[in-house]
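*Asks:* Mind having a look at this structure? Questions to follow.
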């Protein structure tokens, strides 16, 4: 059943290229369709020489987008501009909102049943945009639209493992909320294996997870934002999703989705994935008073970002 047809929209970019490489390397993928507005034929030619069975085809420019999307099971969208030092994810809104609306509009037309995985920031706004675009076309299914927040989980696992001297591959920290600053809420209290930190260390660790993206933006000094770790996290999410679509049981990933778990209309929580996308939202579970406070404090920013996305989508032609 390992015959997933996956499209990457924004395949020539800083995230798109390493993400496409990881997807090409996977036995789960049988067809890889790469789309961008520049360089895709070269990226596709390069990847097509790799000795794995996924066939690779590059598509260039808006007129080739419909063909790229036909028959796809999963569409991953890392397209957009990266952050520069001093920018917030929200500063990317004007450029990336239009890009996401245009690309997801094509998805709604040409592969309405596909799983849509959005990486383009600000995720707290681009997921509401995607939902509204799908509603407009009459093909909206909230179980199939995901904001990929996996990088927050990957970072939390890494940082906890470093502090505790554990193997990061064995650490699992759920991260809930959204995908920007204080909306990123790592549930260290639910970490497996169980870990304890004194309050000052816990606050510092939480702050580092929330601002880890900015750490990379600063270190790259104007040359972009997290691309390699984001590609890894994006691939991890896609592989989990495809495993679940293939019938593997018990696959759980966090993602930013339409939600009734809190007063925010979209919220990231652990999700049980299945053949049709979200099988079951596993909710927040039992959390510490420190984490409860973070959830409460994230609400106004989350709701504002969501509203901004919805309003943009309503006026988008």
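Placement of Cβ uses the backbone N, Cα and C atoms for every residue, glycine included.
Pasting the feature list from TrEMBL:
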| type | residues | note |
| --- | --- | --- |
| ACT_SITE | 179 | active site, proton acceptor |
| BINDING | 10, 11, 12, 13, 14, 15, 16, 36, 96, 119, 120, 121, 230 | NAD(+) binding site |
| BINDING | 83, 89, 121, 155 | substrate binding site |
| DOMAIN | 5-147 | domain 'Lactate/malate dehydrogenase N-terminal' |
| DOMAIN | 149-312 | domain 'Lactate/malate dehydrogenase C-terminal' |
*Asks:* Around the substrate site formed by 83, 89, 121, 155, which additional residues qualify by having Cβ within 8 Å of the site's Cβ center?
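*Replies:* Filtered neighbour residues, in order: 122, 179, 180, 213, 214, 217, 225, 226.
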*Asks:* Please average pLDDT over the domain 'Lactate/malate dehydrogenase C-terminal' (149-312) for the predicted structure.
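*Replies:* Mean pLDDT, the domain 'Lactate/malate dehydrogenase C-terminal' (149-312): 98.
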*Asks:* Sorry to bug you, but what's the C-alpha spacing from residue 121 (substrate binding site) to residue 10 (NAD(+) binding site), rounded to the closest Å?
*Replies:* 13
*Asks:* Quick one: of the recorded positions 120, 179, 230, which has its CA closest to the CA of residue 155 (substrate binding site)?
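*Replies:* Closest by Cα distance to residue 155 (substrate binding site) among the recorded positions 120, 179, 230: 230.
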*Asks:* Have a look at the binding-site residues (12, 121) and report the one with the fewest Cβ neighbours inside 10 Å.
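*Replies:* Sparsest of the binding-site residues 12, 121 by Cβ contacts within 10 Å: 12.
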*Asks:* Of 89, 179, the recorded positions given in the record, which has the fewest other CB atoms within 10 A of its CB?
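*Replies:* Relative to the other recorded positions in 89, 179, 89 has the fewest Cβ atoms within 10 Å.
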*Asks:* Sorry to bug you, but what's the C-alpha spacing from residue 83 (substrate binding site) to residue 12 (NAD(+) binding site), rounded to the closest Å?
*Replies:* 17
*Asks:* Considering only the recorded positions 83, 89, 121, 179, which residue has the minimal Cα-Cα separation from residue 96 (NAD(+) binding site)?
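*Replies:* So, spelling it out, the nearest of the recorded positions is 121.
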*Asks:* Restricting to the same chain and to sequence separations of six or more, state which residues have a Cβ under 8 Å from that of residue 83 (substrate binding site).
*Replies:* 89, 91, 92, 121, 213, 214, 217, 224, 225
*Asks:* Would you find the one among the binding-site residues 96, 120 whose Cβ has the most company, meaning other Cβ atoms within 10 Å?
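*Replies:* Buried the deepest by this measure is 120.
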*Asks:* Let's see if you can do this one: DSSP helix, strand and coil counts over the domain 'Lactate/malate dehydrogenase N-terminal' (5-147), in that order.
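*Replies:* DSSP composition of the domain 'Lactate/malate dehydrogenase N-terminal' (5-147): 65 helix, 30 strand, 48 coil.
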*Asks:* Cβ distance under 8 Å to residue 230 (NAD(+) binding site), same chain, sequence separation 6 or more: which residues?
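*Replies:* Spatial neighbours, sequence-distant, of residue 230 (NAD(+) binding site): 15, 19, 78, 119, 151.
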